Amino acid sequence: MDKFKIDGRCTLNGEVTISGAKNAALPILFATLLCDEEIHLSNVPRLKDVGTTLKLLEMLGATTKVNGNVTVLTGAVNNHVAPYELVKTMRASILALGPLAARFGAADVSLPGGCAIGARPVNLHVHGLELMGAKIAIEDGYIKARVDGRLKGAHILMDMVSVTGTENLMMAATLADGRTVIENAAREPEVVDLANFLNALGAKVQGAGTDTLTIDGVERLHGGSYSVQPDRIETGTFLVGAAVTGGKVTCRKTDPSLLEAVLVKLEEAGALIEKGADWITLDMTGRTLKPVTIKTAPYPAFPTDMQAQFTVLNAVAKGTGMVTETIFENRFMHVPELVRMGADIELQGNVAICRDTEQLKGAQVMATDLRASASLVLAGFVAEGSTIVDRIYHIDRGYEDIEHKLQGLGGCIERIKG
C-alpha cells in the first residue's frame, strides 16, 4: 500500500486550484442512468471513487469516455445489478438504486461498504421508494427493488436529514408519475448541484437548498452538458493547512458561499480572510492561532467533513478547544493517531477536548478514513521531524492529486509506492 512521507515544520504558501466536488460528482454520475442520451460533464475530479463509479456504470451497460471531461451514454444499459465487488469499496453506490428503479423498474444494489465512520442506514432510501410504489426486499446482501409500471409521486417525510437519501429519492422522483414532496430534505450544496443538473436535463425540481423539495415527474430526461461545482471540503482543507502552518494560501476556482460556517471559525481562530467570487485567501503570517469550539450539524452548520481538520487546528492552537460530532458515531478515529504525535486530546463521548500542545512530533500513523487521513497530513506539516501516513488509499478517494498540490504550496511530502 502507498504511504506519504512528510517532513515537518514547513509553511504552506502560494496558490492552489480547487477540483470539482467528489460529493457532487458521484450523485451526478449516477443520475446519468435516468437518461438514454449522451451527457458531457466537466470539472469532474480524477479520484478513485469516480473511477469506481464509472466502472459500475460500464458494468450496467453504459459507455463512458474520459478525456479531461467525462462523457456518459447510458442508452445501452441492460443490467440492473450493482454487485458487491464494486459496492463494497464505496458507500455512494447506493445512489444507483433510485435511478435504476425509476427508469428500468428493477434495481439490485448490494448493501454498501467503503466507509468506517459509522452506520449510515439505508432504511430512509427504502422507505421513500416504497412510498413511491416500489416493492423492496433485502435478501442475499442486496436491496432488491421492483416497480410495476412507473413510480408514483408521494409525500415523503424523512425521519432524519440524509444527503444520499435525499439525492436517491429526488432522482427517482424525476421520472415518477405525479408530484413528489420530500420534507426534512438535506440542504447541502451537493444536493443543490444535483438538482441543478437534473433540471438541466429537463427535470422539474424545486426547493433545492431548503428543507422541502417538490419534484414534478416528467416522461423522460434528455442529454446535455454540466460543470460540477468546486469542492468546498478540499477548499477548507487547504485553508486549514495554511492556518496551522502559519502561511498564506489562495484557493482558486472555488465558491466562498459554500463554506461560510468554516470561514467564520477560521476567522475566529485568528486568520485574516479575503474572498472574491471564485477565490479565498487565508493569511496566518505572524498571527497567533487560537482554539475554537465547533459542533458539526447538517448544512448550513459546520460540516462533519471538516471536523478532523479542525481537531488538528485545535490541537496546535494556544489554549483549549472543543469539537462536538453530532452527525456520525465513530468519527474520532484520527484522535489516537494525533495522540501518537503528541497531541493532548481527551475524548468524552462525542466530544474531543483539545488542549495546548507544545509541539507535535513526527510519527508513523495510520489513515482510517478519508478526512482523518487529510488531518494527519496537516499534522505532519506542523510536527517536528518526519511523519509517515499509512493506508493513504483513503485520501485518494477524495482528494485529487493532493501531494502535487501541497508540493506546489511548499509542502515537503512524497508518495512512497507500496
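Counting begins at 1 with the first residue displayed.
Backbone N, Cα and C atoms are what each Cβ position is placed from, and that goes for glycine too.
Swiss-Prot annotations:
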- CYS115: active site, proton donor (ACT_SITE)
- LYS22, ASN23: phosphoenolpyruvate binding site (BINDING)
- ARG91, ASP305, ILE327: UDP-N-acetyl-alpha-D-glucosamine binding site (BINDING)
- CYS115: 2-(S-cysteinyl)pyruvic acid O-phosphothioketal (MOD_RES)
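The distance from the Cα of ILE327 (UDP-N-acetyl-alpha-D-glucosamine binding site) to the Cα of ASN23 (phosphoenolpyruvate binding site) comes to 16 Å. Comparing the binding-site residues LYS22, ARG91 by how many other C-beta atoms lie within 10 angstroms of each C-beta, the top residue is LYS22. Binding residues for UDP-N-acetyl-alpha-D-glucosamine (ARG91, ASP305, ILE327) extend across at most 16 Å, taking the greatest CA-CA distance. Taking only the Cα positions, the spacing between LYS22 (phosphoenolpyruvate binding site) and ARG91 (UDP-N-acetyl-alpha-D-glucosamine binding site) is 13 angstrom. The Cβ of ASP305 (UDP-N-acetyl-alpha-D-glucosamine binding site) lies under 8 Å from the Cβ of ILE233, ARG371, each of these being in the same chain and 6 or more residues away along the sequence. ARG91 (UDP-N-acetyl-alpha-D-glucosamine binding site) carries a helical DSSP state (H, G or I). ASN23 (phosphoenolpyruvate binding site) and ARG91 (UDP-N-acetyl-alpha-D-glucosamine binding site) are 11 Å apart (CA-CA, integer value). The Cβ neighbour count for ILE327 (UDP-N-acetyl-alpha-D-glucosamine binding site), using a 10 Å radius over every protein chain in view, is 20. Counted within 10 Å of its Cβ, the other Cβ atoms near ASN23 (phosphoenolpyruvate binding site) come to 24, all protein chains included. The secondary structure of ILE327 (UDP-N-acetyl-alpha-D-glucosamine binding site), as reduced to three states from DSSP, is coil rather than helix or strand.
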